[in-house]
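Undergrad: The structure follows.
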Amino acid sequence: MRTIDAVDTVSFDGTEVTMLDQTRLPGERVRLTIQDTAQMHEAIRTLRVRGAPAIGVAAAFGLWLGVRALPDDTPRAEAETQLRREQAYLAGARPTAVNLTWALERCAAEALQTPGSTADLKRAALEAAIRLRSDEEATTRRIGEHGAALLAGLQGVLTHCNAGSAATVGLGTALAPIYVAAERGHVLHVFADETRPLLQGARITAWELQEAGVPVTVITDSMAAVVMRQGKVGAVIVGCDRVAANGDVANKIGTYGVALLARAHGLPFYVAGPTSTIDLATPDGDHIEIEQRAAQEVTHHGGVAMAPAGVDVFNPAFDVTPAELVTALITERGVIYPPYTQGLRDVKA
Ligand code: MRU
């Protein structure tokens, strides 16, 4: 059986935190060494590291970087205040993916619960980030195993954005079932929406699938309907940045349109993500904060203007797909079917 190698998005090499700069893909593979929270904040905000689970893990290491330089004899109370300050700062890097605040709170709580000196707090913060990374890696494989069963018998699937290995610290969320299926000898053909405006589908999904030897065809976002109409795909599978308590799903801008197309063509629309992406404190999609990004991402391409200077731009980074369009949610704890309110509560219990 072949094994798919995960992209090394965020790692700790025993001394330093390093990350793949995803803004340089697919042309260049540049590895960054992140020295402090300001650099980590910048890397998350500018999408050098991106994808809900990956930014959670990156921020967890950022939290440790925020206390790393404190002298060991710093009063513990002072170190705790600094940890909480760095946590709030990192949590503000991007608003939509709940994994960011979830991962930061999990690691801050683990560090603060560890008794002892400032040196103990620092060590605990690092251990918490390493443990999170390893748990998140295992989670992606379990998502892959649950999802692979749903894709059995299919020849082609369509995905939007990048919810692959590059968006996590393992096999991905939406792409994990495709990788697990490939490992077992069932090779699916993936149609990857290019995903305007930042092209995560064309630049990153296509790159990582190619690297893994999984056949992939890049299409512009406007071609998804034709691909479905021509019967090239038997399902759609995407990732998620936040799942509200009622099953509404925030994911990359354009996902909602793909879900509507899937419904119109009678195709299942699957959403894959770890249970940490489920936010029971958010009642529905209307309560999810949607990140608004710079106009330049829409008006410019490779530094060249594609629209007249000064034109008004609408650039939400995410949209919300209503729960009624979601066929099933694939998590590491199993597949959840509608009605979602109870299923989501059960899986989080
Ligand atoms: O803006 P990005 O590139 O961070 O957006 C990523 C997505 O929308 C992914 O689909 C989502 O985070 C799920 S990743 C496993």
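Numbers here mean position along the shown chain, with the first residue as 1.
Using the three backbone atoms N, Cα and C, a Cβ is placed for every residue, glycine included.
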Undergrad: Per TrEMBL, which one of GLN200, GLN210, GLN296 shares the substrate site with ARG50, GLY51, ALA52, ARG94, ASN251, LYS252?
TA: GLN200
Undergrad: Just how spread out is the substrate site if you go by the largest Cα to Cα distance in Å among ARG50, GLY51, ALA52, ARG94, GLN200, ASN251, LYS252?
TA: 17
Undergrad: I want to check the contact list for ARG50 (substrate binding site): same chain, sequence separation of six or more, C-beta distance under 8 angstroms. What comes out?
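TA: Listed in sequence order: GLN22, ILE44, ASN162, ALA166, ALA167, GLN200.
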Undergrad: I need the CA-to-CA distance for ASN251 (substrate binding site) versus ASP241 (active site, proton donor), whole Å please.
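TA: Counting only the Cα atoms, the answer is 5 Å.
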Undergrad: What's the most sparsely packed of the binding-site residues GLN200, ASN251, counting other C-beta atoms within 10 A?
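TA: Least crowded of the binding-site residues GLN200, ASN251, by Cβ count within 10 Å, is GLN200.
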